[in-house]
């Protein structure tokens with residue numbers, strides 16, 4: 001049963017009338033450009049065919065009722081006329097409440113709604129299930145009430161909700177690609193201007209995501225440390241962000257910086273350059289060059305930004321040894337576990353899957369999860 005069918009039937013069964021709209025917003029994978037977003041840099045993600053789907057309808061009062069199909073049909077209900085506060089026990093509710101609260105600050109022109117939510121974006125894998133939910137909820141109210149908000153505004157609204165209401169410090173990439181993704185394309189995003197450029201993926205290329213299933217523990221504290229180190233670097237150069245520092249400037253004075261900060265800054269500067277070049281390589285159908293850039297990106301995350309773990313490095317080595325120069329593979333996401341992404345010719349998928357299933361668990365004691373994804377359209381009706 002599709003997510004749409006599942007949410008529509010649960011909607012009718014629970015609320016006693018049919019939903020008028022079904023909205024989807026996808027998860028994402030970042031092909032290259034890691035830890036560049038909060039440095040005002042460039043990222044190159046694509047939306048994937050795993051998504052959050054919400055069946056919904058307007059109400060004629062100011063109440064919002066929500067059912068989470070993936071959490072044993074837990075429910076939430078709140079009024080638009082009362083201050084919206086965090087839910088004591090249901091974390092998923094806070095994503096919905098946060099988005100609605102921040103939407104009210106942007107535009108008061110909407111009333112209540114009934115929502116049933118389901119999704120298949122793997123949680124905790126770094127594929128942005130939370131951003132997908134935030135963008136889906138924002139799109140629900142935008143569509144039901146014809147709010148004059150574009151995809152970028154819905155994305156910013158989701159980011160604000162996550163930063164200020166849920167309390168998780170994230171950049172803008174995840175929400176923006178969920179809102180604006182384009183089928184069969186990646187999106188080069190300038191995280192300062194929020195400008196986007198659609199980049200076609202080479203014909204016959206598959207996006208493969210492999211979850212290491214290594215439980216991420218350090219991700220929150222270490223993420224914040226990396227941000228602070230980058231901010232220290234930007235202050236040293238008296239610039240608002242590392243985006244504004246050139247590699248030449250950096251190389252001249254790198255020896256004056258704290259050695260750890262030097263490594264962090266070098267990663268961000270070189271990763272920005274790689275990301276812009278990767279967009280050109282993809283547009284020219286040059287998977288070989290894309291593969292080289294992904295390999296450089298992974299080495300930089302491992303050695304300079306120090307956010308990989310042995311299990312992730314093992315996965316990358318297995319895939320790289322299998323595909324050679326036929327494509328690329330690197331860690332993707334915040335780090336300390338999570339997933340690797342590979343961009344490879346479709347005909348190489350079985351060989352990669354075989355190699356990983358034969359070697360990864362034997363070397364690490366953990367069984368991976370393998371996803372083959374299609375670059376998909378951003379949020380909208382489904």
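Placed from the backbone N, Cα and C atoms, the Cβ positions cover glycine too.
223 is the residue from 95, 145, 223 that Swiss-Prot records in the substrate site together with 34, 35, 36, 37. Less than 8 angstroms from the CB of residue 174 (active site, proton acceptor) sit 28, 45, 128, 130, 131, each of them six or more residues away in the same chain.
With respect to their backbone Cα atoms, residue 124 (ATP binding site) and residue 37 (substrate binding site) stand 20 Å from each other. Most other Cβ atoms within 10 A: among the binding-site residues 36, 130, that distinction falls to 36. Annotation note: residue 124 (ATP binding site) sits in a coil segment as assigned by DSSP.
Of all the binding-site residues listed (125, 127), 125 has the fewest other CB atoms within 10 A of its CB. The Cβ of residue 34 (substrate binding site) lies under 8 Å from the Cβ of 271, 297, 301, 305, 307, 330, 331, 332, 333, 335, each of which sits 6+ residues away along the same chain.
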